[in-house]
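Here is what TrEMBL says about this protein:
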type     : residues : note
REGION   : 54-74    : region 'Disordered'
COMPBIAS : 58-69    : compositional bias 'Low complexity'
DOMAIN   : 87-172   : domain 'Type III secretion system flagellar brake protein YcgR PilZN'
DOMAIN   : 181-291  : domain 'PilZ'
Amino acid sequence: MARIAISENEIELGKPLSWDVLDPEGNRLAAAGDIVHTKAHLKLLISGQACREQPEQGPAAAGGDETGATGLGGQESSFTFEEMKLKIGDRLQIQPPARFAMDRVIVRLIGYVKNLSVLVSAPRETNGLRLQIVEGDDLVVRVFTSQNAFGFSATVEKLVKIPFEYLHLSFPAEVKGVVIRKAPRVKSRLVCSVTSEETGEEHISGILVNISAKGALLASRRPLGKKGGTIRVAFRVNLHSIETLLSISAIVRAQFVDENSANSKTSLINHGLEFINLQPNDTLILQSMIYQQMIEQPETLL
């Protein structure tokens, strides 16, 4: 399908997108149904020659403001359970009934019998106590694997307590899924230290406000070099309770004032960064961190 460029005035702040926003290679930058809240986000979104699919007939828009089973918006497709390629021990996110204060909990896949039942560990509250889900409760199950997000509805058919606690869920009649862009981006609040690789100026502090395995949006009190310049960004990543220090070279691809702080005495400068010369281990750590956050905090996915 042909693509057409997106202009700034086509996107209304605070309103759900009517279509997926793509980069020139077809990678999804934002999904239909996502909401752009600020001008800074809008400028960053369209700074990379953003485009969308050209409808084949008429102006009918795809997507709308429904997020569907996956909770991520975008055009959902149907999959079989096997196509999710789940492994024993994989983390699944469960959305419990509305009577619970928690809107999501993480469980582990124990196994499944096709067309009969899906077995998962008993969901627990943050204090370690079992969440008081009962037989007959309706749940929404979400899964992130590789470059896809999946979701399906299930009913608690049996709660087993001996020899250990686990749930029998109804086998899904239908699984919905969407493709996540090749380098999914998540919101973050990572404190970083920046060094200019051109001037040698060191220890300029900043915040990585969102990040992917290929780049980040960095906010600082002062400009970090010029557009096209190279900097080195150092920050700590906590992955499965293990803290790792990353030091990554990046090119400044965009630079603009954060509109939320433009009129204050301490305005922030946003920098769109592209990571370069990544070591394989650094890429793996970034991908794992983002994958972990997508599982535990899917609402932070951009």
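Each residue's number is its place along the chain shown, starting with 1.
Every residue gets a Cβ built from N, Cα and C, even glycine.
As a summary of secondary structure, the domain 'Type III secretion system flagellar brake protein YcgR PilZN' (87-172) carries 0 helix, 47 strand, 39 coil according to DSSP. For the domain 'Type III secretion system flagellar brake protein YcgR PilZN' (87-172), the model gives a mean pLDDT of 87.
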